[in-house]
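Below is one structure, written out as structure tokens, with a few remarks after it.
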Amino acid sequence: MSVATESAETFASLNPATGEVVAEHPVQDGAAVAAAIERAREAAEWWRALGWKERRLRLLNVKGSLARNLNRMAELIHQETGKPVQDAQLETIMAITHLDWAARNAQKVLGPRSVYPGLMAVNQKCVLEYQPLGVVGVIGPWNYPIFTPMGSIGYALAAGNAVVFKPSEFTPGVGVFLAELFDAVIPEHPVLQTVTGLGATGAALASSPHVDKIAFTGSARTAKRVMAACAENLTPIVAECGGKDACIVDSDADLDAAADAALWGAMSNAGQTCIGVERIYVVDEAYDKFLGKLTEKAKDLRPGFDREAAYGPITMPSQLDIIERHIKDALDKGGKAVVGGAESVRKPYVEPVVLTNVPDDSSAVCEETFGPTITVHRVKDLDEAVDKANRTSYGLAGTIFSGDKSRALDVARRMRSGMTSINAFAAFAQVAALPFGGVGESGFGRIHGADGLREFTRPKAITRQRFATMNLTTFARTEKEMARVLGLINMIHGRRYKR
Ligand code: NAD
């Protein structure tokens, strides 16, 4: 069984809409985490020795099992996060797509390949390969409890590592169920183990000297603590943190499509999305029309826990105070609520809030709100939009809507973020081949794609001398040989390059 249960102490995961207990889970202490890491070490050796083809087969079978259990997983996500069942299904589909891509592409991306040695080492056969690290600790958030951790779990396993997963204390059941699915398909060794508990359980994982890398997803504040713990053992870390993403709307954009996407980006999952739209910058000519369309659509949205609800409750109760504070601060500083207002916070739900005229220094513009609220800003042109979009310590993702392909691409490049989506919201997240990650306080390192696979490996360089040539790294080298090489180098590299 890959879910350690030694602890006597337990905690409850609650349905945030009803307050009902979904399940009780053990609080894993340092000893339980250490035991899981030890089991993982053994599993990692077995898993690594299995080789590419056998690992691929097993991971594809786990994917198959997850696909067949999609509704059970989605129901659990629905219960633990409160998000609509269909959103939970969509999230699980995305996790399946990523596991599939990682399993199918690991050998191609990481397997041994020959590298051209260059003239100076022409007698060497060069091999580059990417070897697994060993045991990877994955610490996950609650807002996308299967999609987000799978970006690390699936890629780390496909690269040949074993994983110890600490899910968020708000969504432990999702992690436990995922480990059960792995156990059933891969009974030989626990290549994925889930350890449940609060922050201290995550801290035990991060501070272990026997973990080879930590993949952390969560707030920038916790990431700093995790990094400090990792520093003690020089454990490398990939950090996927929060964001304050912007959507830019050009004067010639399709405004219906832009309003639809911006609204989904801001309000779906009750705004609890790391790559969610939190600020919209609209070029002057399009501003009034766009705002009209956005507010019209926003008014129709209703939070709830029933099948017709657009989005669910705020999963983490403490976030409600932050959302309330941001709305209040925006209004106090002269902002205008064109949809909803301070009264929209009806715990555990928050009704849609659209704010305009909010000053750039207000917390609703500067800090991650993580609620179904949005600030809309009028800008004179795209340059001002990019400038304001980039005025944040975060830099996770972004969106640009424009009728002009090359202008959109130029803006996408200039937005300070790891990912930008043109004329759609967050399309990159569904493309398993693309890397996912941020800059600044949004974190560093990448999950997903070839970069995401390499993140959980170390490059290994091997050379094999095929025949002897002139040897310059010997005490027996001659003046004549050195002179010949110097002449050659001058001929090859010493010339002047012309345009
Ligand atoms: P959080 O930082 O509160 O917790 C994240 C995880 O860290 C949890 O499992 C928690 O138990 C654990 N933890 C807490 N203290 C710890 C410690 N001292 N040592 C080790 N682990 C510890 O974040 P959250 O509220 O669960 O998630 C929301 C945040 O995650 C938001 O900021 C959101 O933007 C971000 N997020 C980012 C991405 C991304 O891919 N960049 C994806 C989803 C969520």
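Each Cβ is built from the backbone N, Cα and C atoms, and glycine gets one as well.
Here's what TrEMBL has on this protein:
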type	residues	note
DOMAIN	5-462	domain 'Aldehyde dehydrogenase'
ACT_SITE	Glu240	active site
ACT_SITE	Cys274	active site
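On the 0 to 100 pLDDT scale, the domain 'Aldehyde dehydrogenase' (5-462) averages 97 in this prediction.
The number of other CB atoms found within 10 A of the CB of Cys274 (active site), across every protein chain shown, is 26. A straight line from the CA of Glu240 (active site) to the CA of Cys274 (active site) spans 9 Å.
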